[in-house]
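Features of the protein shown, as given by Swiss-Prot:
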type    : residues                                            : note
BINDING : Arg13, Arg63, Thr94, Lys155, Arg254, Val255, Arg256 : GTP binding site
BINDING : Cys20, Cys24, Cys27                                 : [4Fe-4S] cluster 1 binding site
BINDING : Tyr26, Gly67, Ser118, Met189                        : S-adenosyl-L-methionine binding site
BINDING : Cys249, Cys252, Cys266                              : [4Fe-4S] cluster 2 binding site
DOMAIN  : 4-227                                               : domain 'Radical SAM core'
Amino acid sequence: MLDKHGRKINYLRVSVTDRCNLRCVYCMPPEGIVKKEHDNIMRYEEIFKVVKSASLLGVNKIRFTGGEPLILKDIDKLIYNTSKINSIKDIAMTTNAILLEDMVEELKKAGLKRVNISLDSLKEDRFKSITRGGDINKVFKSIEKSLSIGMKPIKINTVIMKGINDDEIDDFMNLTKKYPISVRFIELMPIGEGRKLYKDGYISSEEIISKHSDLIPVETDKSSTALLYKFKESKENIGFISPMSCKFCSGCNRVRLTSEGTLKPCLHSEKEVDLKNYVDSSQALLSKINETIYNKPLEHHMIEEKESKSKKMMYQIGG
C-alpha cells in the first residue's frame, strides 16, 4: 500500500524477541536486560497474525530480527507459516550467527531465503571484546555451513566505530573478492547504547568511500537503504548504510514490529502503535496497521538533531 506521501510500503521487519546471547557495546548494556513478563511480549501466534494482516495490505517482504531471533523457540515454525502466505515473496533474517550452524538447514527448508550476519570484527579477541564474550569461530562455521547449502549471497552487517574496528575495513571489503559474501558498512547511530560511543566513534560512509578510489558504483534500487559499490574482482557488492550522513527517507518502504508488539512506522520516531490491543480482531488489526502505515512520517531529523527520537533500544526494535 501507499503511505500519505506516496511511498510504497511493502517491507515489514519483525523483532521476535528483545533477548540476545551477546552484549554488543553499541546495542546492549553489559549486565544484559531485565527479562520481560510473558504478557509484555508478543507470542508466536500474535506475531503471525500481524504478518498475515500486513500481507493483505501489500507487504511482501519479511525480515525476522531480534535481539537474536534464533533464541525464539518457534522461529522455524514462524518462518514456515509465513512462507505459506502466497503474497510473501521474500523471507530474510538478521542474526549474530552464534546458533546458526546447527539450525540453518532446517530454516532453509522452512522457507528462509537469506541471512544477514552481524559481525563487527574478524579478529577473535576483538570480536569477543565488542560482543562481550562471543565466540567468532561459531560465526565462521555458520557462514561456511550457510554457503555450503546454497544460502547465497550472505550479507555481513558491520557497524564501523572509529578507534575500535575501523582498521579492519579493508579486510571486510576483501571478503567480497574471495567469497559470495556481501558486506554492509553501517554508520554508528546515537540510539540506545550507541549514544555513549557516538561522539568519539562515529565515522561517515563518505570518509570510507573517499579512501577507496577503486570502488565502482553499482545501480541501487530506490528503496534500498544502502549505496552499493564493488571492486572489479568482487563476487558480491559492498554497501554503505548511512542514516547519519545520508538518510534514505524519500524511498523508505518499511515499517517495524517490535518484540513488545508495537508497530513503528519509522525507526527513529517516537511514534508507535500497540498492536497487542487489536490482535483478537482481524478487522481491527488490519485497520490499525493500515492507519499506521498511511501516517508514516515523511522523514526523521536525526541528522540535524544528532539523536534518535526513539525511546526504544536497538535490541527491542531490531534495527
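Backbone N, Cα and C atoms are what each Cβ position is placed from, and that goes for glycine too.
Source: prediction; values computed, not measured.
Annotated features taken from Swiss-Prot, shown on the structure.
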| residue | record | DSSP (3 states) |
| --- | --- | --- |
| Arg13 | GTP binding site | strand |
| Cys20 | [4Fe-4S] cluster 1 binding site | coil |
| Tyr26 | S-adenosyl-L-methionine binding site | coil |
| Arg63 | GTP binding site | strand |
| Thr94 | GTP binding site | strand |
| Ser118 | S-adenosyl-L-methionine binding site | strand |
| Met189 | S-adenosyl-L-methionine binding site | coil |
| Cys249 | [4Fe-4S] cluster 2 binding site | helix |
| Val255 | GTP binding site | strand |
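Within the set of binding-site residues Cys20, Cys27, Cys249, Cys252, the entry lying nearest in space to Gly67 (S-adenosyl-L-methionine binding site) is Cys20 (CA atoms).
Cβ contacts within 10 Å of Cys252 ([4Fe-4S] cluster 2 binding site), excluding its own Cβ and spanning all protein chains shown: 25. Taking the binding-site residues Gly67, Cys249, Arg254 in turn and counting surrounding C-beta atoms within 10 angstroms, the largest count is reached at Gly67. A mean pLDDT of 96 is what the model gives for the domain 'Radical SAM core' (4-227). Listed binding-site residues near Thr94 (GTP binding site): Ser118 (candidates Cys24, Tyr26, Ser118, Met189, Cys266; Cα-Cα distance within 10 Å).
The CA atom of Arg254 (GTP binding site) is located 8 Å away from the CA atom of Cys266 ([4Fe-4S] cluster 2 binding site). Largest Cα-to-Cα span within the GTP-binding set Arg13, Arg63, Thr94, Lys155, Arg254, Val255, Arg256: 21 Å. A sphere of 10 angstroms centred on the C-beta of Cys24 ([4Fe-4S] cluster 1 binding site) encloses 19 other C-beta atoms.
Cα distances from Cys27 ([4Fe-4S] cluster 1 binding site) to the binding-site residues Arg63, Met189, Cys249, Cys252, Val255 are smallest for Met189.
Looking only at Cα atoms, Arg256 (GTP binding site) sits nearest to Cys249 among the binding-site residues Ser118, Met189, Cys249.
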